[in-house]
Amino acid sequence: MKMMQDMSKEADSQVQTEMPQVSRLVVNQNDERFISYDYRESPPREMVQWFRRRARILFNYSMVKKCLPILSWLPKYQCSYVMYDLIAGITVALTAIPQSIAYGILANLSPQYGLYSNIMGCLAYAVFGSVKDVTIAPTSLTAIMVQHVVKELEYGTALLTFLAAVVTISFGALNLGVLVRFISIPVVMGFTFAACLTIGSAQIRSLLGIKTQGKSSDFVTSWTNVFTHLDEVRMADCILGCCSIIVLCSLRLTKDLGEGRWRTFFKYLVLLRNALIVVAGATLAYYLKTDMDDSVFNLTGHVPAGLPVFQMPPFSYTNINGTEYSFGDMLSVMRTSIITIPLVTTLEIVSVGKAFSKGKIIDATQEMIALGMSNLVVSFCSPLPAAGSFTRSALNNSSGVRTTMSCAVTAVVLTISLALFTDALYYIPKATLASVVISAMLFMPDYEEIGNIWRSKKMDLIPFLATALACLFYELDYGILVGIGLNCCILLYLMSTPGLSGEEIQLSGLTVLLVKVDQSLAFSSAEYLRDWILKRIDQRDHIDVVVIDGQNIHFADTTVAKNFVSIEEDLRIRQIRLMLWRFDAKVAFVFLRMRKELFIPLLRADVQLQDAVARWKHLHYQIPTE
């Protein structure tokens, strides 16, 4: 025993001698904090420095130019751009008129609110937008997501648009564009697929000429309303709507026909198909009218002329039934829409921007700010929020747009239409507008990508199906939260179960169990590592040393450090020793702050495991006594 005590004292003195030789303890041997034995954290100083850096970034001209892209492109604007932007803006406006009216009706609002949202959204994006191809306008998704709120609050839904805008701007100001990364492709596709089915189903009533409106426009209620009111089907509306869908789908399939000028003709014919079908439907309705109050078709009706009235979004509201809503009551009606609308609309605008960026990096944070400012302006004249429209952005791109000036041109054309052509809008059949929406929904889902999910990773079908089913049979905003939540659960499970492998080898006369970890450790995986090691120990006859290879561990927290202490204690009870090999200094600091006297003898960072075990055995290992 005396000899072993002498060996222990000699080992302790050698440890003190070796401690400055950092290369044998941690991987990054030049870390001055380790050399000076200063293992403390200094978050206050780091936080102050972070805030100072952010303040310098926020309050300088380059940041102002970044937040106001118009300051960058307007001084460089060339005369040659004018014709391209004019053509793009006018072309987009011709498509935007019927679509905006259709989406206003889809949201259970008066049709002019769709146009108001389009006008104000385009004007704001012309100033704050960073992607020349993107057009801000009401979309089918935003219309369907505010339906349940409009049912109760009517124009009071403008508060939802206002709050969603504030949330979006706040996300952008905090540089939280990274949040979009947490919404995976299967979740997006599941949401889009379900939204298309829901939106298309909501339009079946108008397509068939049924006037009775269901309690809501979700998937189940829409079809229930149709089947319970089949006696109200109007043959004229049904024929017009179905023929319009056939024409729209046929025109879409002709986009690659012809050569030379004919190819150009078919290209623009396809781009203008929505406007053409609406003009044809309105013309037919006008010439077949027998009585203003008893038309052959169900018509859009009167659209108020003139510019929208600007007013503060209501923070309390009394609807047409006389029901009074306080601010708290309005929030209870809006529920999670205050968060899900910013998430969905941000996802839309970033996706649209990426689709037409031609490989350029899209600044998601700036697009958040642009979208938020657009909806902030919209909320003062319309309750229908706007987002990035894929259809109109594609039209913008194919028209040769040069700058976001085209958005301003679109807004001007829409304003002129409201001022001069509202009488013509009266005769637009609802069946024609329904056909425009339904034909767009048929081509929106990426069916090939769904097949790619099946081929590449079948596990991704779980969040896809969960999102789609939740959106279809519950609500769209809750559905996407279900998908995101399920994705996060899968991510947490993967983080909680790191890849572990154990190899039993003989080194320096000792039986060593080498444990390799393939990722960083967090609180959720700490117990898993401990249980895995103890289980492998119990399955083997004799182990002298357990070596944990920390080469792939770049992060550890307090729970992990505490579990390493428990691992060492559990192994010591079994007369087995623990060694930590090739750990990064930042991870080692966490352990040392927990219990310095315990972990210093455990750390080794020799290049070869054989050298690490031999040196560690010489310094610290004692032969267990019976």
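The backbone N, Cα and C atoms fix where each Cβ goes, glycine too.
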* Would you please say which range out of 117-138, 183-204, 579-600 has the annotation transmembrane segment in TrEMBL? => 183-204
* Asked: Which residues, given as numbers and ranges, are at least 6 beyond the ends of the transmembrane segment (337-356) yet have a Cβ under 8 Å from it?
  -> 130-131, 133-134, 136, 139, 141-142, 145-146, 149, 160, 163-164, 167-168, 171, 177, 179-180, 183, 188, 191, 331, 362, 364, 367-368, 370-372, 375, 385-390, 393-394, 397, 476-478, 480-481
* Asked: Any contact between the transmembrane segment (86-106) and the transmembrane segment (265-288), i.e. 3 or more CB pairs below 8 Å with pairs at least 6 residues apart?
  -> yes
